[in-house]
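Okay, so here's the structure we're looking at.
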Amino acid sequence: MKSADIRQAFLTFFEEHGHTIVPSSSLVPANDPTLLFTNAGMVPFKDVFLGRDPRPYVRATSAQRCVRAGGKHNDLDNVGYTARHHTFFEMLGNFSFGDYFKRGAIRFAWTFLTERLGLPADKLWVTVHVSDDEAERIWKDEIGIDPARFSKLDEDNFWQMGDTGPCGPSSEIFFDHGPEVAGGPPGSPEEDGDRYIEIWNLVFMQFDRDSAGTLNPLPKPSIDTGMGLERVAAVLQGVHSNYEIDLFQNLLNAASEATGYDDTSAPSLRVIADHIRSCAFLITDDVLPSNEGRGYVLRRIIRRAIRHGHKLGAREPFFHTLVAALDAEMGAAYPELRKARPRIEKVLLKEEEQFARTLDHGMGLLTEALETLDGEVLPGETVFKLYDTYGFPFDLTADVCRERGVTLDEVGFQRELEAQRERARAASQFGADYTAALDLEGETAFTGYERLEDEARVTALVDREGNALAALEAGQHGVVVLDRTPFYGESGGQAGDTGYLEADGMRFQVTDTQKQGGHHLHHGVLVEGRLDVGASVTPRVDASLRAATMRNHSATHLLHEALRQVLGEHVQQKGSLVTAERLRFDVSHFEAMTRAQLDEVERIVNAQILANAATRIEHMTLDEAKAKGAAALFEAKYADSVRVLTIGADDFSIELCGGTHVARSGDIGCFHILSEAGVAAGVRRIEAVTGEGALAYFRDQEAKVARVAEQLKAKPEQVEARLEATLERNRTLEKELERLKAKLASATSGDMLADVREVAGVKLLAKQVEGVGGKELRGLLDQLKNKLGSGVIVLGVAGDEKVSLIAGVTDDLTARLKAGDLVKHVAEQVGGKGGGRADMAQAGGSRPQALPDALASVPSWVEARLGE
């Protein structure tokens, strides 16, 4: 049965059983800012389940278009390399809104699979939640499922919409591909194999979870089911990979023809065949390539497909030509795709043409770097050079490295990125006031709160010395002033944006953005073309860096309030620096924070991130903001109207801020404190990372633990115990070594007495000794003093570029000669100084070669002192 026939059979079956066929909704969720894309069949019915959206039906069925390529549900990296990962898929579903419940859902599913599709009952396996006795009875007593092909699972069979709200147990139906395929049944240790494949999930929404975690029965239990079209098609067509079904085979053949590559099983062709579906349908739903949000995800998918085509030998635009094959395959089922086909082809062609030069050059450089790589880790410096100098996207570099079995040095890449920003900030401090040479009216209009791409006009150009220019030529560094810009200028502790100013044949790389005299100054270099005053340009902010900066900036607000809660109300912000890589936050506090305090601050911030509360921006008078409890920098000056940011659950943090921020606290991802230290009297500095920066840090730490484990010949979880055992063994060996050295020193002291001489009637020993450490030197001195009974002793040890000295005078002689004076005399000759008590003194020096002569001078010095 073909994919199109399965889709239609599903919809027809449920229509025959009283369900209304609901057309697929947009991939852009309506009125749901929590989702990047529609990623499940129930998403369009979310408000129906919550009782907010009354519909004229209580039963519905749909074939919903879904995308998983960003945010929590992100399959992008696996697409093309596994049998069932896709950026785009179709979810077949049937829904009941307070109508039929478990019995109806189970009967419908079983009837459709075994009767309409003709699947053998003995090839199906069913699971239910461990607590769902009702569903178990229906399956066993009414459906007659073989108990040997039935299992009860825990969290795998419980679904919830969020931390609170509708939820309930589920029942999953799996298809058994047979013993010739590796893998075990659901719930077994071998369940990750490919033998048993989930094809349908029936969710029984019967509870409402409150904030305390209590499950309260819903007055009208509902049903939400989902069956992946691609998966069930693979079952019916007798193949183990979704890419082998008819729908994908036609797209793979088209991709093969477009790229000139014949092997349709190649992962790169699978990537292309998958990506044309998600890209085409996203554009159908009015998502366009950009450097922010959904548009940025779309651009990433397009460029990934282009890169895989390039890998197969395609050197001319090809991706847009696949829209025709997709239209032939899916246009009848989704007429909106057919209608949008011309627009889709134009958008894809434009992206291909824009990316062509970057890809060709970047791939050549990356290939060369990989071929000459010494080891299995691509240095962060190389990755950064590709990204910064040649505009080669980081994620594409990662994709290529993955294929070659090479690891990326992400930490090194981030370090280079931060170094560049530091250089840019430093460079921006040199020279005169750039606006002094300009005759400009008004201010640069900032549009970056709403968008990361705009259309603007160049109002002025300045070189790095502050001289006004009429134009910039390729390779020339300078500063560009625009009439409007989405680039955030460094202020309020937030680093300025980076990105590009683009026009036909012109590209200016923005390495930093500063604010001066009401204008945004875009510092950078003209990469190609010519840029004239008055020219129209498209400013495009680096979306990934802006997003990372926003995560870090929003985290500083949560951090500030968490510090006040843990340390006290006296805590005030004293400064901050927010970049894409990390955040630095200075606060007033009188002592170092304890480990427990740091852990509690980190816990509070992450709890607010997990709460995923919406961020709120408001404009009000300064007095209104103060009345609201908004925090502000004590020494800062504010306008009459201020911008107030509220972030976190229950208005956790309220502060005045003009920076850019995440839409929800959950967008920060996670938060980790790197360090806490004093930077001035009464000021503590905290450095932290969030999101990808935190993950990169954790990966780096994990890698270090793995390396230590390898050195210790232990598993990572055994490192602590093995290290403690090793340290304990070292301590034991050190004690034994000290004992042996002491024993050796004792034996040596007897031999050294032969070198004692008499000076002015006093026994004197001035000698260089070997193989003795600091502790042993003190013990040796005591032994010699005891054996001499009365006398003066100076001992010296020469090491690598250092000298250790010790002098001793027996108590009967200290009135006439001081050990401190004696050791000082010797130390001065070996490049050191020292002193001590009358009976014992120590010193050091830096000229071991002078030690013999220094010790040789002791007799005359002692004789002179005793003769006084």
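Cβ coordinates come from backbone N, Cα and C, glycine included.
Here's what Swiss-Prot has on this protein:
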type	residues	note
BINDING	His553, His557, Cys657, His661	Zn(2+) binding site
REGION	831-851	region 'Disordered'
The region 'Disordered' (831-851) resolves under DSSP into 4 helix, 10 strand, 7 coil
For His553 (Zn(2+) binding site): DSSP state (helix, strand, coil): helix
Taking the centre of the Cβ atoms of His553, His557, Cys657, His661 as the Zn(2+) site, the remaining residues of that chain with Cβ inside 8 Å are Met550, Ser554, Thr556, Leu645, Ile647, Glu655, Gly659, Thr660
Which one is it: of the binding-site residues His557, His661, which Cβ has the fewest other Cβ atoms within 10 Å in this structure? His661
Close in space, distant in sequence - His553 (Zn(2+) binding site), Cβ under 8 Å, 6 or more apart: Gly493, Gln494, Val578, Leu583, Cys657, Gly659, Thr660, His661
Quick one: what's DSSP say for His661 (Zn(2+) binding site), helix, strand or coil? coil
At a 10 Å cut-off from the C-beta of Cys657 (Zn(2+) binding site), count the other C-beta atoms across all protein chains. 25
